[in-house]
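Read through the structure below, which is laid out as structure tokens, and then see the notes.
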Amino acid sequence: MNDSQSPSFSSADSFDSASIATADQNGGRSRRSADGSQTLASEQLRRWRDVFWLGIFTIHLVVLGIVMAVLGINRFKRTDRLNIDRYTDGFLENQRGLTENYWPLYAVAGGVGTVLGWTWLLLLGSQANYMMKVSVHILTTYLAVISVLCFWADQFFWGVAFAVGATFQFFYVISVIERLPFTMLVLQKAAKMVWSLPEVTRVACAFILVMLLWMTLWSFGAAGVVASSMGDSGRWWLLVVLSVSLFWTGAVLCNTVHVIVSGMVFLVLIHGGRDVSSMPPNSLMKSLRYAVTTSFGSICYGSLFTAAIRTLRWEIRGFRSKIGNNECLLCCVDFLFHLVETLVRFFNKYAYVQIAVYGKGFNHSARDAWELFQSTGVEALIGYDCSGAVLLMGTVLGGLITGTCSGVWAWYKWRDRMIMVGSTSMLMGMVLVGLAMVVVESAVTSMYICYAEDPLLIHRWDAEFFNQMSEMLHQRLQHRSARAREVLSHDRLDSHMRETIPV
């Protein structure tokens, strides 16, 4: 990012609502009044957004639902009930099985994932900070243990894959170790905010149940694929397609919760509390209605790309900070970094706050949020914060625990299907635990949006936290300015040397 666009603030006192107010670029955005109050865009101003992607997602659900039902029924109680095997006669490699042989393994995955998700929500107020610290430090060890188990089970490819994952996780944590204290502070305050809104945790629990119902059908089809008589390559391709579908569906539900919680947190911060008289009535139900109607297309669209781009950005940031003076490698990484930063402008999680509050389309929301952060300098603070990565670690850990439970059972019953069952069960666990984690992430994104629009909103909610954020932002802007001066001096020195050295 271009540091020259970010203003420099000398102290926390230099923040005021006038200096950070931004122009409204959407007719549906409500204006902040003199007392700082702001409400959700009225229902009359909201329009259906990104309807094309809403249609694509709906068609995908219907088609995949039919396919999964057919795949499961074909092997339920009787082999080749629908006479599908005639299309796979040339790929027979393994003995035939039944859907009900493998469906209980997925039931275990669904049960474990649900318990982990609900446990996280139950402990959100008292043990959230401790649980996030455990996730950061134990994930590397857990990945290494699973790698050893895969090698012991003669699964060389998966052993190498988990070993590489453990290595990347270890180096990433090392690269961001100095950022973790501030990250944990932000997550602790976000958990405090969510815990004061018990209705949003109930919404997350309800969406976990909805996801579990869809997984009942999904796992029925996946069990039919695992039990099918086609070869391993055919089964893997079908499972990959089903996994992509589950990932998108899970991301859509997670981001729906994200929009609902973001709308609630934003309103609480804007109005100074949930019990004040200016707080709009039935705020949660309005946020829920907007999320599943007019804004649902934008959620479906953003869910396709946001998670992958965010993960890539975290990895590149961590790797970039540890390169050193290798100019060739630094040049390549910088190219990738700026490419990803460009994508982040149009696909970022802060768009969901704008969707929740103003009812904009996804790309418009993402661009407005990122321009707001750049114009105020808050992007420097967001770049330093690793809260999204820490929550992802907790999600992955929950998925690994779920996959291990189902995989160990599969090892004792059908060893040749252990990896298939374990990997798909891991994805199920990640989706279910992710639905619980997203409530904290939603609070984090809303706090940053509010801080960028009017820092005094954070000051009114928690003055000590406001001072800590302001101090850290001042440090990051100073750091960026120093780096910019260093790069400029280095370029001038190189130019001077080229001019003085005779050709």
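Numbering starts at 1 and runs along the chain as it is shown here.
Backbone N, Cα and C define each Cβ position, glycine as well.
Unlike curated entries, TrEMBL annotations are predicted automatically.
Listed in TrEMBL for this protein:
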- 51-73: transmembrane segment (TRANSMEM)
- 103-124: transmembrane segment (TRANSMEM)
- 136-154: transmembrane segment (TRANSMEM)
- 160-182: transmembrane segment (TRANSMEM)
- 203-230: transmembrane segment (TRANSMEM)
- 236-269: transmembrane segment (TRANSMEM)
- 290-309: transmembrane segment (TRANSMEM)
- 389-412: transmembrane segment (TRANSMEM)
- 419-440: transmembrane segment (TRANSMEM)
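Scored on C-beta pairs under 8 angstroms, the neighbour of the transmembrane segment (51-73) with the top count among 136-154, 236-269, 419-440 is 236-269. Sequence-distant residue pairs (6 or more apart) of the transmembrane segment (389-412) and the transmembrane segment (136-154) include at least 3 whose Cβ atoms are under 8 Å, placing the two stretches in contact. Highlighted: of the candidate stretches 103-124, 290-309, 419-440, 419-440 has the greatest count of Cβ pairs under 8 Å to the transmembrane segment (236-269).
Using a Cβ-Cβ cut-off under 8 Å and counting only residues 6 or more beyond its ends in the same chain, the transmembrane segment (419-440) has close neighbours at 102, 105-106, 108-110, 112-114, 116-118, 120-121, 124, 128, 155, 158, 187, 190-191, 194, 200-201, 204, 207-208, 211-212, 215, 218-219, 222, 226, 235-236, 239, 242-243, 246-247, 249-250, 253-255, 257-258, 261, 387, 391, 394-396, 398-407, 410. Counting only same-chain residues 6+ beyond the ends of the transmembrane segment (103-124), those with a CB under 8 A from a CB of the stretch are 72, 131, 191, 194-195, 201, 204-205, 208, 212, 215-216, 219-220, 222-223, 394, 398-399, 401-403, 405-406, 409-410, 413, 421, 424-426, 428-433, 435-437, 439-440.
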